[in-house]
Amino acid sequence: MPVIDSLEPNKNTRPSWDQYFMEITHVVAKRSTCLRRQVGALLVKDKRILSSGYNGAPSNLPHCSEIGCLRQDLNIPSGERHELCRGLHAEQNAIVHAAMHGISIKGATIYITNQPCVLCAKMIINGGIKKVVFAEGYPDKLSEEILAAANIELIKEPFKG
C-alpha cells in the first residue's frame with residue numbers, strides 16, 4: 001500500500017494546466033541541437049497536445065551540434081539576422097509538424113520556453129493561434145507589439161520545475 005499511496009496526486013502541489021504544459025516544453029527543449037539556446041514549444045487545444053517542436057536544423061541536415069554554429073562563426077548577436085541560421089525555431093517546427101500531419105491549430109495555445117521572436121510571432125498570427133504562454137523573455141519588442149495588435153494573449157508563466 002505505501003507505494004500506491006505515494007503515487008496518488010497531492011492536490012496541494014498539482015500544477016495548473018499552464019504549469020503542466022510549460023514543464024513539457026522544457027523536456028521538449030532538451031532535444032534541441034542549437035549550441036546557443038535550447039527552446040521547446042507545444043501547441044495545445046482543449047487541454048490536448050497537438051504538436052511539439054524544438055529548435056534545430058531541418059530534417060535530414062547536419063545539426064549545429066555536429067558541424068558548428070553559423071551564427072557563432074559570423075559573430076551574430078542573439079536576436080539579430082535570424083535568416084543567417086541553419087536551424088528552425090521551436091515554434092516554427094511545432095507549426096510545420098502540425099501542418100504536415102493535417103492538424104488544425106486555429107484557436108490553439110502555444111507554450112514556449114522563450115518569448116517568440118518577430119518571425120515566429122508572424123507565423124503564430126497567421127496560424128490562428130490565440131494565446132502564447134512563455135517562461136522566459138526575449139529582447140524583441142516588435143514581436144510583443146504585433147501580437148498585441150493581433151489580439152493574441154501573451155502570458156509569462158515562469159518555469160517552476
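Don't overthink the numbers, they just go from 1 along the chain as shown.
Even glycines carry a Cβ here, placed using N, Cα and C.
Binding site for Zn(2+) per TrEMBL: Cys117, Cys120, plus His89 from the candidate set His89, His97, His101. Cβ neighbours of His89 (Zn(2+) binding site) (same chain, under 8 Å, six or more residues apart in sequence): Val39, Ala41, Gly53, Asn55, His82, Pro116, Cys117, Leu119, Cys120. When the binding-site residues Cys117, Cys120 are compared by the number of other CB atoms within 10 angstroms of each CB, Cys117 has the fewest. According to DSSP, Cys117 (Zn(2+) binding site) is assigned to coil rather than to any helix or strand. A helical conformation is recorded for Glu91 (active site, proton donor) in the three-state DSSP classification.
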